[in-house]
Every structure is written in structure tokens, then in C-alpha cells.
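Below is one structure, written out as C-alpha cells; the observations come after it.
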Amino acid sequence: MQGSSLPPGLCFLLCFFGAMTPKIKASCANCPPNASCVNNSHCTCNSGYVSGSGQKLFTFPLETCNDINECEPPYSVYCGLNAACHNVKGSFYCRCVPGYRLQSGEERFSNSSGNTCQDTNSSKTTQGRKELQKIVDTFESLLTNQTLWRTEGRQEISSTATTILRDVESKVLETALKAPEQKVQKIQNSSVAVETRVITDNCSEDRQTFNLNVQMNSMDIHCNDVIQEDTQGPSAVAFISYSSLGNIINATFFEETDEKDRVFLNSQVVSAAIGPKRNVSLSKSVTLTFQHVKMNHSIKKVFCVYWETTKQGGLWSRDGCFLIHVNKSHTMCNCSHLSSFAVLMALTSQEEDPVLTIITYVGLSLSLLCLLLAALTFLLCKAIQNTSTSLHLQLSICLFLAHLLFLVGIDQTESKVLCAIIAGALHYLYLAAFTWMLLEGLHLFLTARNLTVVNYSSINRLMKWIMFPVGYGVPAVIVAISAASRPHFYGTANRCWLHLDQGFIWGFLGPVCAIFSVNLVFFILVFWILKRKLSSLNSEVSTIQNTRMLAFKATAQLFILGCTWCLGFLQVGPAARVMAYLFTIINSLQGFFIFLVYCLLSQQVQKQYQKWFREIVKSKSESEAYTLSSKMGPDSKPSEGDVFPGQVKRKY
């Protein structure tokens with residue numbers, strides 16, 4: 001190849017990559033400690049380390065790789081029962097706690113798979129574990145006794161919970177101190193988890209802090225606070241977690257927040273105690289780490305609280321507890337005393353759109369007027385009074401009362417009792433409106449199904465027999481069941497409506513979705529029947545035309561009262577704002593659409609309106625004529641130029 005020349009393009013590529021090679025090597029040479037080069041272009045932290053920026057690949061020369069503590073949240077490696085996690089640079093290891101060892105004889109292991117820490121004195125361990133397990137199972141039966149908690153009032157619930165918390169701590173510490181040779185014990189079932197640790201000697205430099213873990217919750221307590229120098233014998237510390245107690249002593253027992261904040265308990269309830277003397281105050285604060293029950297990003301406030309014993313029983317208080325750190329999965333708190341603890345959170349309240357508020361109030365006001373006119377029309381217009389009109393009348397009455405109560409009482413949250421009553425009434429009225437809509441769909445289907453029958457008396461008798469018990473009875477049963485099961489879910493901090501917690505809102509949405517689905521089936525069947533009948537019409541044309549008009553009106557009503565509620569489910573993502581406006585506009589004008597379809601577009605009603613208008617004009621004319629005649633007197637004669645109302649002046 002000597003003396004040969006390279007093509008210009010290939011020469012350019014070689015020069016380009018030749019110039020770039022030193023730069024690539026330079027970037028890999030600048031990787032920080034505990035990092036490796038990837039593809040000669042980027043750096044990545046070694047296993048057991050994480051970059052300060054959180055990026056897996058980076059080129060920034062000042063980036064650092066920090067050690068991952070696998071023994072603390074959010075990693076919290078589980079080493080198994082009677083074993084503890086120990087962090088080292090770039091890694092971790094598990095080790096049996098004092099009094100336990102691996103069957104293989106090794107001191108360290110990487111995970112709990114196939115490694116079980118066994119007690120060196122199995123007979124005493126078995127007896128101690130049995131006693132502790134018996135205590136845990138006994139109190140589990142109390143915590144899961146739904147009859148006990150449902151029959152008690154608020155004060156009785158707090159008193160019972162306070163007694164249970166105190167008794168569990170005493171029994172657990174007493175059992176742990178009976179077997180001081182059992183340094184660490186861990187017991188759990190579906191409701192309660194316990195870890196105890198017994199200290200028989202003084203604190204040392206490598207044992208300044210004890211870490212206890214139960215059900216992904218942890219506690220760090222200083223050794224000097226556990227050891228009680230003024231008492232002889234061993235000391236013990238207990239850490240207990242309750243998975244279901246938070247549903248009993250929930251956020252309703254917390255009174256140190258704004259009523260507008262929607263506060264909920266978002267952790268398990270944990271208890272911490274030391275013995276044999278039940279000291280509460282500490283020389284150094286205890287650090288508690290809670291795993292969240294729900295991962296929620298729209299958090300407004302976080303409260304570290306403890307269960308304070310009062311004359312009325314107990315309540316959640318923030319005294320002596322402070323928030324250290326919170327992320328989407330865990331919360332860390334510092335508390336200056338021992339007790340039972342939990343984490344309360346307040347969700348960010350959704351800001352109201354003033355335009356939507358104006359649309360709602362204007363649209364509902366117009367609907368109220370139209371519903372009132374429609375109801376009067378259905379009552380006074382004898383030409384249209386039939387079973388279908390009766391259904392329209394009851395629907396209009398329910399919607400009128402529901403909209404009126406919504407405008408007047410939806411924001412009456414000052415009184416919790418009044419707000420709950422308003423929420424229950426709205427629940428009933430709106431369910432009743434949808435139930436009457438279901439009856440209209442059923443009546444439409446029965447009418448179409450019996451097109452060949454001249455006598456409709458059987459259909460009318462059936463509808464008259466079932467419509468009132470179903471129209472007003474079924475919603476009453478649903479509301480009664482909802483109120484009896486969870487009455488405290490009626491009324492929220494911001495609105496007098498149903499709570500969203502624990503799916504309670506489905507006491508309304510469930511029947512609504514079911515009614516919409518059934519009506520949709522009815523309408524499809526009606527259209528199918530009409531299509532078959534249209535091809536064989538002779539003398540039944542008028543009957544079919546009436547039924548087609550009824551089908552058109554019912555379809556319009558399904559759109560007004562059914563489909564538009566589906567827009568509420570579509571208020572997510574980029575189109576949420578558009579759907580919110582459509583939902584508000586259409587649903588606030590329900591009364592107007594009903595008046596338009598069933599009154600203004602009805603020929604019979606139009607004729608009745610014209611008749612009423614002529615009668616009003618005639619009555620007004622006669623009244624004016626009588627008034628003018630009275631002014632002239634009985635003996636007076638009209639002049640030549642006088643013309644009475646209704647009289648035409650003639651020219652000759």
C-alpha cells in the first residue's frame with residue numbers, strides 16, 4: 001500500500017474518528033470513584049452505589065457515586081426472622097442476632113433464602129415464642145371483632161383502643177423479660193407484629209442505637225434510653241405494629257387541623273415501650289420510619305402524631321413529634337417520648353374554576369324554571385295526561401327538588417349533621433330521578449312490544465301498579481343500606497355529598513351505571529322492533545308514528561340524563577378540562593331540555609298553550625271592556641267615534 005492514496009471521503013472519516021478518540025478516552029478517565037466506563041463514552045456507578053443526580057449513565061465530571069444503604073427505606077432488605085441487616089460500602093450482609101446462629105455455622109449471609117437463624121437454646125425459645133404468640137393472637141381477635149367496634153360510640157372506641165394498646169405493651173414486655181437469654185424475639189400474624197429486644201449489659205461504642213423492624217416500619221432508639229440504671233436486672237424494648245387498628249382509631253380522632261383539609265391515616269399504628277419501668281420521656285429523640293399504606297402524590301400536609309390518653313379515652317396529637325423527611329413511599333419522624341404513633345396526611349384540595357361555578361348556578365336556575373313549567377304542564381294539560389306523562393311528572397319533580405337542594409345546601413358544611421342529611425337527601429333524589437328514567441325506558445319497551453295490541457290497558461295497569469313502589473322505594477332501600485353501613489361517609493369537608501373513600505361513591509354510581517346500561521338495551525330493542533314493523537304498516541301508521549315520537553323523546557332523555565353522566569368518567573388526561581365544561585353545561589341544563597322535548601316540541605302541548613293564550617287574551621279584553629263600561633255609567637251613550645275592544649270601526 002505504500003505510495004497509494006486514500007479516497008477523500010475515507011480520509012475524512014479516519015481523521016474525524018482519530019480526532020475523537022482522545023476525547024472519549026478522556027471522558028472515561030474522568031469517571032468518579034466507585035464508577036465504571038460504559039461504551040467508552042459514559043460513566044455508571046458500580047453495584048451498591050447510586051449517582052448523586054440519580055442518573056444511571058452520566059458524563060458530568062463532578063458527579064459522585066454514593067453508597068446505597070440497603071438496610072434502610074426504601075430498600076429495607078429483609079433478612080428473615082431473628083436476623084439483622086448490616087450495611088457496608090457498596091454492599092450489605094445479614095447476620096443472626098445474638099442468641100441465634102445459622103445451621104451452616106457461617107456468620108454472614110446475603111439474603112433470607114435458605115438461611116434460617118436458629119436459637120442456641122431451643123427449648124426456652126420455643127416456650128417464650130409460644131407465650132408471645134398467644135398474646136398476639138388474643139389481641140388480634142379483639143381488633144378483628146367488627147361487632148365490638150360497630151356497637152360502640154366514639155368515646156367508647158377511643159377508650160377501648162387505649163386499653164388494648166396499654167395491655168399489649170405490658171404483656172409483651174413482661175414476656176420478653178421472663179426470658180432474658182432470648183435477646184431478640186419476632187412474632188407476627190395478620191393483624192399484629194412484635195419485635196422485642198432484651199439488654200443485659202451496658203451500652204458499648206458499637207451499640208449506641210438499637211434498630212427494630214416490624215412490617216416495613218422501623219424504630220431507632222438510643223441504648224441509654226433502654227437501659228434503666230436505677231433498676232436491677234435486664235431491660236427490654238418492644239416495637240409493635242398494628243395493621244388494622246388504623247381503621248378504628250382513624251383520622252376522625254385528630255382535631256388539630258383545618259376542617260377543609262381532607263385528612264386520612266396513611267400508615268400502620270405502631271407502639272414503642274421500654275421496661276421494666278414504663279418510662280415515657282427520653283434523653284434523645286426516637287426515630288420512626290413508616291411505610292405508607294397508599295402511594296399518593298397530591299399531598300398537602302403530613303402530620304407525625306401519637307395517641308394521647310385523655311379523660312374521654314384518647315386522640316391523636318402532634319406534641320413532641322416532628323417530621324424529618326417524606327417521599328412517596330415512606331415518612332420519617334422524630335418523637336421525644338414513647339407512645340403509639342402514626343402518620344396522618346392531608347390531600348391537596350382541588351381549586352374551583354369560577355367559570356364552571358357560574359355555569360352551574362346559571363344553568364341550574366334556568367333548569368328549575370323549566371322543570372316548574374314542565375310539571376305544571378303535565379298536571380294541567382288534560383289532553384296529554386297518560387302513563388307516560390305521569391312518568392315525566394315524577395321525573396321533573398325529583399330533578400326539581402334535587403337541583404334546588406343542590407343550589408341551596410351543597411356548601412352547608414358548617415354543621416356535620418346537617419351536611420350529612422343534605423348529602424343523604426341528594427343521594428336519594430338523584431337516584432329517584434334515574435329510577436324514573438328506568439321506568440320510562442321500560443314503558444317505552446312495553447309499548448313498542450305491544451304495537452299490534454289495540455288495547456293498552458294491560459300495560460297501563462302494570463305501570464301504574466309498579467311505578468310508585470319502584471320509583472320511590474328502590475332508591476330509599478339503597479340509601480338506607482348505605483346510611484346504615486357507613487353513615488359517616490355522608491358529607492365531606494368541602495361538599496355535602498358522598499365520600500370517595502372505600503368506594504362509597506359507588507352507592508350512587510353503581511345504580512346509575514346499571515340503569516344506563518338497562519335503558520340502552522331497552523332502546524336498542526325498541527329500534528329493532530320499529531324497524532321490523534315499518535315494512536308491514538297499513539292502518540297502524542298513526543300508532544307507529546306516535547311510538548316513533550316517543551322513542552325519539554326517550555332517546556333524547558337518555559342522552560340528557562344518561563350519556564352526559566359518562567362525561568364525568570372522562571375527566572382525565574389532556575381532555576379533562578373540556579369534559580368538565582361539557583359535563584357542567586349539559587347536566588346543568590337538564591330541566592331546559594326536558595321542557596323543550598316534552599312540552600315545546602309536542603303538538604298537543606302547543607295547541608294547549610295556544611288555547612290558554614287565547615283564553616288569557618279574551619279574558620283580558622273582556623276585563624278591559626267591563627272597566628270602560630263601568631266608567632261611562634249605565635245611562636251614558638257612546639259617542640260616534642268610540643270603539644270598544646273587539647269592535648272594528650267601519651267606514652261608509
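Yeah, the Cβs are placed from backbone N, Cα and C, and that goes for glycine too.
Unlike curated entries, TrEMBL annotations are predicted automatically.
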| Taking 103-127, 628-652 as the choices, which stretch does TrEMBL tie to region 'Disordered'? | 628-652
| query | Using DSSP, how many residues of the domain 'EGF-like' (67-106) fall into helix, strand and coil, respectively? | reply | 0 helix, 16 strand, 24 coil
| field | Whole-number mean of pLDDT values that fall within the domain 'G-protein coupled receptors family 2 profile 2' (356-602) | value | 81
